[in-house]
């Protein structure tokens, strides 16, 4: 009797698994082109490119206007913002690759089109023909004018949301501003303050050299990698990303791209063209290289980057998550500084601090997002579950860590004694683990796993060769 019952169950289960495997393999459906342009040939197939996504495309926000944040019975006391640098030009390595390979690919594709090979439509071929590479080494990692403008818009919106916390006059005891030693974070800091301070006050800020540089806190991924390298521990490539790029779906995409372009292209070629598409969209709003792709192609490449981010800088890397303690510890320290109390008794407001602003990089923002318990995927992102997460996934770098990504924590006083915090990611409130709602009582926040796991934060230990997540030497 038992055997009779079990056999059909196994049969059904096997059938379901087979069906799921088939669906996984056929989730990507390449679209063959016929050389005819669609009704709107210059519409971008996608604007989501992982960490190369513009803030405007990630959030839909592109004005200076925002409503004042009103919480009945509460008044804001302190604003803390951690912000990734804004839109930038490519780095040295990418510039070298672009200059060396993209003009070659351009000529190969155009030559193929002339002899009737490939299936690109006339408008897309013409756009590619007009393209000229005109970036040079002087532009390396330089922030763009569009990024400066976008940073100013973000600053203006925060000022409208919390007008009393970003005053137009600069005083050293009201503002704390920190950046890394890289120009792109410092330039982002100045762009933010330019939208907040009076012109003469910004000059005063620069004259007093009030912008602090703190690579240990705001560039900890790089400093940790350097320390580990000296101990013989080298950074490894994402295994899941590598598996995914070798998958049937990506290989199908490569074959489709080769037929479409009339040229046999490698995975590196396709990723390079997609990266140029991303940078040019960020810098000027469009790129002829984007038109070589369909949305489904770019979705695959975006997921590949998400796999790398998730595995290397977020939940797949316990060391990276642990290092987020530096930023959580800084938040708690600034709250203590504002309150000047042990946080176990009554609060007394002895300091004038209103805003603490920190300007950092993508890797640090990914670590912070993971440390806060945001974007965790169950099951984790894997090379094998693209179809499950193709349209919706908890971790999507395009939404979580675009250019100018920001996390804000606002401290409120409600009534005579109640203190609460409001966490905001990319200008949307988020619910932190251990909190009863998005508007979190301070005592709940301080008791949360986010804060408790950040106590006794020791980057020297975390960045030692023998460290493991338990904190005990291996």
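Backbone N, Cα and C atoms are what each Cβ position is placed from, and that goes for glycine too.
TrEMBL entries are annotated by machine, without manual review.
Long-range Cβ neighbours of residue 74 (disulfide bond) (same chain, at least 6 residues apart, Cβ-Cβ under 8 Å): 412, 413, 414, 415, 420. The feature disulfide bond is assigned by TrEMBL to 74-414 (among others).
For residue 290 (disulfide bond), the Cβ neighbour count at a 10 Å cut-off comes to 24, with all displayed protein chains included. Classification of residue 290 (disulfide bond) by DSSP places it within a helix. If you look up TrEMBL, you'll see 277-290 (among others) marked as disulfide bond.
All protein chains shown were included, and the count of other CB atoms within 10 Å of the CB of residue 435 (disulfide bond) stands at 20. Per TrEMBL, the feature disulfide bond maps to 435-440 (among others).
Residues annotated as signal peptide in TrEMBL: 1-25.
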For a quick check of understanding: among the disulfide-bonded residues 277, 414, 440, which residue's Cβ has the most other Cβ atoms within 10 Å?
277
Secondary structure at residue 440 (disulfide bond) (DSSP, helix/strand/coil)?
strand
Can you tell me how far the Cα of residue 435 (disulfide bond) sits from the Cα of residue 290 (disulfide bond), in Å?
42
Between residue 277 (disulfide bond) and residue 440 (disulfide bond), how many Å separate their Cα atoms?
41
